[in-house]
Amino acid sequence: MLVLFETPAGFALFKVLDEGKLNKVEDLSKEFLAADSARKVVSLQAFSKFENTAEALEAATKLLESTPSKGLRKFLRAHCDGETLGVADSKLGNAIKEKLKIDCVHNNAVMELLRGVRTQLTELISGLGAQDLAPMSLGLSHSLSRYKLKFSADKVDTMIVQAIGLLDDLDKELNTYAMRVREWYGWHFPELTKIVQDNILYAKSVKLMGDRANAAKLDFSEVLPEEVEIEVKEAAVISMGTEINDLDLINIKELCDQVLNLSEYRAQLYDYLKSRMNTVAPNLTALVGELVGARLIAHGGSLLNLAKQPGSTVQILGAEKALFRALKTKHSTPKYGLIYHASLVGQAAPKHKGKISRSLAAKAALAIRCDALGDDQDNSMGLENRAKLEARLRALEGKELGRSAGSAKGKPKIEVYDKDRKKGAGLITPAKSYNPAADSLIGQLTDSTALDEQDTVPKKKKKVEAEPSPAEEAVEVPAGEEKKEKKKKKKADQEASLPTSEEPAAPKEKEKKKKKKRPAEDDDENVEVGEKKKKRKHAEQEEAEVQTKKEKKKKKKSED
């Protein structure tokens, strides 16, 4: 009977010398207390050494999945013909039996035998020392852990989560400490709070100055600008603050040291975060920046968890409270969460922020998946998508400019061609062919009147639109002149419209000219008649209103 034993260096086959001892499982452990007694129970039959770490990792992962590797199958075929094989895993034994037709045994006796072999492994296998076995075991366990957890040493997103958390905590502490310095030193020199707005510069000024009486002698050029320095010195002379002793100043200066140390450490931490973000998630960093990208990863838990989220979830990460409140109250859901602080959303106009945040979230989801699951380490995809988003932002702003400047879609308005507006501009329509039926005068009157009725309907509207309203004409022209002109026009129209039987048959060209003139004259008449009627109506209405007013006045007088 043979026993299969797996080591970090390779596979080993041990021959069981006395199979009778396997019947007494309780006594097997005593046989392996010493190396000499162990050699009497088992002896090394064959050993298959791993060529490199990759082969060892492959064999170990296959064993965890209870399947024999290619090297193990070759090894067993060569040394296990007609033998029974003892294995530590029953599923592995079943797989070997199916593929290699080798009988496999898995029971308590085999497990106890393997436990004893493990205790005396270095003695049973010559050339495998304890000093070599320990590093091999450690290296293989690390490789196996990386493989099982899909862990990469380059992409340590846990460090990013911790760094951004610490950065936010530092900002809070810095703000608290700086406010405490201002409040504490403000009792002695209250005017300095309004003069120096920056917290770090304020702490440096307090540390350098100490008592405000020293301000006139000191040089603040390394700390403050020249204008601010002059203002501080002037305010120190006329300050209304209370006096302060040296012990209080020492404690205030120590607090200033804490503020300055924290600010320096925050700057170092920010540089560290930038380098980690450019290594772990370069495409996401190119799209949204280091801080926003790190906050997204921290909010998602890890880069891999964030890669499983769709773009719509990435868009509102950080606004969960507002989202659930909107769903509960049936109001509009939020348009953005943490992604609002990205530079692209900040550049957009308020009415475009929703569109840009949606587009940015979709591209950010692709960038996250590329960073988490891709093999490339560059940020080319992120830069390309950022250029597309910037172009889209410019296009949105350009659309709005085009609409406000001109027509609906920024295109010039095309006017419809109208032949009536271009009179006297030469030949408008092509020459007509000769019509011999037009030479006869029979039925000329009936045809001309029918043509006049057809033409007057569309032309009336154009003439009325072009001419001023009757109210305006009434204001501009006196009533006496209007009547004279209308009478003259009536007489001329009547004389032109009456046909004469004595006239000889005119050529075809004269008849055409008459036909052209008649519709125009009829249009003038129709327009004038309409204007007269409108004026009469207005005049009658005005007279009726005046009469009613007079009657009412008379009634009132009579009643009085």
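Every residue, even glycine, has its Cβ placed from backbone N, Cα and C.
Marked as compositional bias 'Low complexity' by TrEMBL: 467-478.
Sorting the compositional bias 'Basic residues' (550-560) by DSSP state (H, G, I as helix; E, B as strand; all else coil) yields 10 helix, 0 strand, 1 coil. As annotated by TrEMBL, compositional bias 'Basic residues' applies to 550-560.
Taken from TrEMBL, the feature domain 'Nop' applies to 280-398. When averaged over the domain 'Nop' (280-398), pLDDT in the model lands at 92.
Marked as region 'Disordered' by TrEMBL: 447-560.
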Per-state residue totals over the domain 'Nop' (280-398) - DSSP helix, strand, coil: 91 helix, 0 strand, 28 coil
